[in-house]
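Some features that TrEMBL has for this protein:
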DOMAIN    28-152  domain 'Pili assembly chaperone N-terminal'
DOMAIN    174-233  domain 'Pili assembly chaperone C-terminal'
SIGNAL    1-27  signal peptide
Amino acid sequence: MGLRHSFKCAAVALTAVMLCGMQLAQASIVINGTRVIYQGKKKEVTVTVTNNNKVPVLIQNWMDAGTEKAVPANIAVPFVLTPPINRVDAGKSQSLRITYLGSPPLPQDKESVFWVNVLEVPAKSKGIKEDQSRLNIAFRSRIKLFYRPAGLKGNSLQAIKELQWQPAGDGVNVTNPTPYYVSLQLLQYGGKDTEGKMIAPGETQHYKFSGINKVTDIKKLYYHAINDYGALVSAQAQNK
């Protein structure tokens, strides 16, 4: 027992020594906003990034259509994001420009969703000696971009409240009859919570609640969704 305790103490001490000799990296770049809405009539939209570090940061920027692990050079999307690589000085902000190219054309009767990626590689701090251990980590931020064609019926806020809910076996089915994406965050029923997901136009999803065998009264279900500004909107389910 004493030998095990000695090994445990030694391991803790070694870990502490290693951490003291390292400069632990922290994310520096902050994307202003949690989502981008690209209105179809606009020529371009901008995304602002801010470097909260005390040293310059090099960032690589690209878009994808939902394949998170895809190599940027192999991704084909109908947008151009500029600049693809740039340096953001300490405490400064820069704008990234996103332009819709129109080819291949996107559906004009519903929204389309893409992702904006910002990968940062922190520069070496001036106070770090050559022989000092340092952990370099490249941080990646990823937010959604919704391409919203002009002339869609209704609006994104109405879409949250127009979801159609139906009891289904051990849970509920929810259908999105609108041309807008709805980002469900949380569903609540009978004192139980379950996480939501993004539901596409025309899509139906099934949700279950742990400990509840059957949903009997759909109007006792409450849900929370994220609006265009990243804020939560609460609503009561309606059986339509």
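Using the three backbone atoms N, Cα and C, a Cβ is placed for every residue, glycine included.
Residue counts for the domain 'Pili assembly chaperone C-terminal' (174-233) under DSSP, split into helix (H, G, I), strand (E, B) and coil, are 3 helix, 28 strand, 29 coil. Residue counts of the domain 'Pili assembly chaperone N-terminal' (28-152) by helix, strand and coil are 3 helix, 61 strand, 61 coil (DSSP-based).
Mean pLDDT for the domain 'Pili assembly chaperone N-terminal' (28-152) in the predicted structure: 90.
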